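Here is what Swiss-Prot says about this protein:
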SIGNAL    1-32  signal peptide
TRANSMEM  57-79  transmembrane segment
TRANSMEM  88-107  transmembrane segment
TRANSMEM  117-134  transmembrane segment
TRANSMEM  138-173  transmembrane segment
TRANSMEM  211-242  transmembrane segment
TRANSMEM  250-284  transmembrane segment
TRANSMEM  287-309  transmembrane segment
TRANSMEM  312-328  transmembrane segment
TRANSMEM  336-364  transmembrane segment
TRANSMEM  373-394  transmembrane segment
TRANSMEM  408-431  transmembrane segment
TRANSMEM  439-472  transmembrane segment
MOD_RES   Ser560  phosphoserine
MOD_RES   Ser568  phosphoserine
REGION    581-595  region 'Interaction with EZR'
REGION    597-701  region 'Interaction with AHCYL1'
MOD_RES   Ser598  phosphoserine
MOD_RES   Ser613  phosphoserine
MOD_RES   Ser669  phosphoserine
REGION    688-710  region 'Disordered'
MOD_RES   Ser724  phosphoserine
MOD_RES   Ser815  phosphoserine
MOD_RES   Ser818  phosphoserine
Amino acid sequence: MPLGVRGTRREFRFPVWGLLLLALWMLPRALGVEEIPGPDSHEKQGFQIVTFKWHHVQDPYIIALWILVASLAKIVFHLSHKVTSVVPESALLIVLGLILGGIVWAADHIASFTLTPTVFFFYLLPPIVLDAGYFMPNRLFFGNLGTILLYAVIGTVWNAATTGLSLYGVYLSGIMGDLSIGLLDFLLFGSLIAAVDPVAVLAVFEEVHVNDVLFIIVFGESLLNDAVTVVLYNVFDSFVSLGADKVTGVDCVKGIVSFFVVSLGGTLIGIIFAFLLSLVTRFTKHVRIIEPGFVFIISYLSYLTSEMLSLSAILAITFCGICCQKYVKANISEQSATTVRYTMKMLASGAETIIFMFLGISAVDPAIWTWNTAFILLTLVFISVYRAIGVVLQTWLLNKYRMVQLEIIDQVVMSYGGLRGAVAYALVVLLDEKKVKEKNLFVSTTIIVVFFTVIFQGLTIKPLVQWLKVKKSEHREPKLNEKLHGRAFDHILSAIEDISGQIGHNYLRDKWSNFDRKVLSKLLMRRSAQKSRDRILNVFHELNLKDAISYVAEGERRGSLAFIRSPSTDNIVNVDFSTPRPSTVEASVSYLLRENVSTVCLDMQALEQRRKSIRDTEDTVTHHTLQQYLYKPRQEYKHLYSRHELTSNEDEKQDKEIFHRTMRKRLESFKSTKLGINQTKKTAKLYKRERGQKRRNSSIPNGKIPMESPTRDFTFKEKELEFSDPEETNEYEAEEMSGGIEFLANVTQDTATDSTTGIDNPVFSPEEDQSIFTKVPPWLSPEETVVPSQRARVQIPYSPSNFRRLTPIRLSTKSVDSFLLADSPEERPRSFLPESTHM
């Protein structure tokens, strides 16, 4: 066994990983000292097969190594769940950065790598903020927008002013010693240390899993207070440059005006680029492969444009992601949406890892440290105390107008969750040492504040939340009943506000929804995407999906899946579901799903994403059963490689074909079952009629029947159906589309010998015997009758003399699609069919 690798496997990993890191660091240093001959060297050298060019790839190679080290660090941290469940990942990364920074400084005695403001603001911060805005829950964010703005604007100004003035007051007392700091310097430091950092809040609060309202308030405050922070920082920085004697009242008014310009201007830039991105993705149907590129490039351009105009870049990219997510997700393909989602998460996670690790590395630099115990400790005390006071005062004011009150427990978590991070560090590093004499003291204090809030408060916030029993978020999909009631409550509250003449959240949301549906969606979304957003069809699709899962799971539990594997209809109808085994899946299926009116629509893509059952193993087996045995495509799809476009989604074609097949079968079965017509007799009748029609056509000249009265016959015809965007159609797409069912209206001629088409309906035939409808079904009592009104008797022709009240369909342990087998050619009659049938 090699030296230093003794012990268990867990003890084996970290030493080898550390030695590997040290070797990667020392190897370039050792090889980089080799003397490279200059152009003036007269030494003759022969041809070299391999040359070492470290200086040629030094910068990108080091960047790649640091990214690799950060990624490996996350893997090592998550090897032990006990560590990550107690210590936040951000705190672990800072500690790792301190260790790596110590190794680097011990090797060179120079802080070779630090977190610079340029790298942070232009390359690391945008992916994190874009990810937060693109996946922002819009309903929750805009519902609490007033509360978020109050905390972000008033709260940040309160924290900056009170912290700066309090430090200045203590400085005048002489406790801090001899420091060359003025009032404007203290206010400048208070403005940069007062802002809550979005990166730190995301890193800690996502692991705590507090309730959605509390999370969105703290996180929204950390995003939107950027405008206040930038304005205060720029105002006081310019005042320090001018000097306290030259600052006038006009300059103060300009500073207040600049706040509105910076915040509203950054928001407007983000909205404009969001609409531009949505409009571009509307026309990317034939260039699907570059759709994710548009999302990242245009969003990043909004950030750079705002930075170029001295506006709030964080607000710009945040609102760009918020405003474009709905239209972009509807326009781009499924593969592009998946690419955008995972790429954005990867970039945000990687940037967050690098930020915290380099915060630790940057701290290992003796040149930036200036220690003043009184200044550092008082800063920690003031930012904590004034944060709590500001939250309590603002919450007391907000609770007078909020429908859902913020309790004392929520206020404690909000006060304790005011974390500072890399934004404060980057701003303090930007200070000019010639203008701010005590810059190193400000930098040292900021590093201590960041480490204290991220490490200490991050370690203790989870036990605090558990001790206070704060309500946590429920990670589950809302049920259909909850969605329906939520929509009903929204309409009711909107109506109440409209009647009372008040303009509230519900009224504004309703007006915005109408404007979006009538104007924005038509402008920024493709027509096919607008059709797919129909809520009724979405609910119908989800019900069919649950129906399909229950259908296959029931047959699987009975131990017989032969009827699924066999494509023959004869084998399907011979399956007996009269006494199925009770299953637990039926408990999760609603009453509506057990009725005879549902339809099986097997959507494999949605099944993979939305299936939720009791046992994961059963779900897996059901999924593979549906995918392997329940559908056989009509043709083999060609898999072609192309660098410029993606292959068409086969599941989408299969889903649509399955839907049309199923609807055709269910519609025919529903007609035959309802009217008491046997499937075999109906098929035989249609076959005889078609054969007689062919004989008559052969005997008539030109194959045409004399026209008496043209009628339209709506029949089902097999045709190659193209499922594509109606506004964008090409010839080559029509050749690749799979077959389907199309409803066609054909003009036919009625003759004396053949005047009826399709299935005869005895209700509208006066010569038919109506005795079948007067019989009392076995499940009704003679007293359950309903007398129709005189108007009903006049409007309903050839109706039976007595009507029976429709009772609810009885619950059954059968699969919901087993009722389709009612019209099968069986010898014994079904219990729910009439005793006699009529042609």
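Every residue, even glycine, has its Cβ placed from backbone N, Cα and C.
Ranked by the number of CB pairs under 8 Å to the transmembrane segment (336-364), the listed stretches 57-79, 88-107, 211-242, 373-394 are led by 88-107.
Spatially, the transmembrane segment (117-134) is not adjacent to the transmembrane segment (250-284); fewer than three Cβ-Cβ distances between them are under 8 Å for residues at least 6 apart in sequence. Between the transmembrane segment (408-431) and the transmembrane segment (287-309), fewer than three CB pairs separated by 6 or more residues in sequence fall under 8 Å, so the two stretches do not touch. Long-range contacts of the transmembrane segment (373-394) within the same chain, counting only residues at least 6 positions beyond its ends with a Cβ under 8 Å from a Cβ of the stretch, are 150-151, 154-155, 158-159, 162-163, 166-167, 170, 175-177, 179, 193-194, 411, 414-415, 418, 420, 441, 444-445, 448-449, 452.
Highest Cβ contact count with the transmembrane segment (439-472) among the listed stretches 138-173, 211-242, 287-309 falls to 211-242 (criterion: pairs under 8 Å). Beyond its flanks by at least six residues, the transmembrane segment (138-173) meets 179, 181, 183, 186-191, 193-196, 212-213, 216-217, 220-221, 223-225, 227-229, 232, 322, 325-326, 374-375, 378-379, 382-383, 386-387, 390-391, 394, 397-398, 402, 414, 505, 509 of its own chain at Cβ-Cβ distances under 8 Å. Take the transmembrane segment (211-242) and the stretches 88-107, 287-309, 312-328: counting Cβ pairs under 8 Å, 312-328 has the most.
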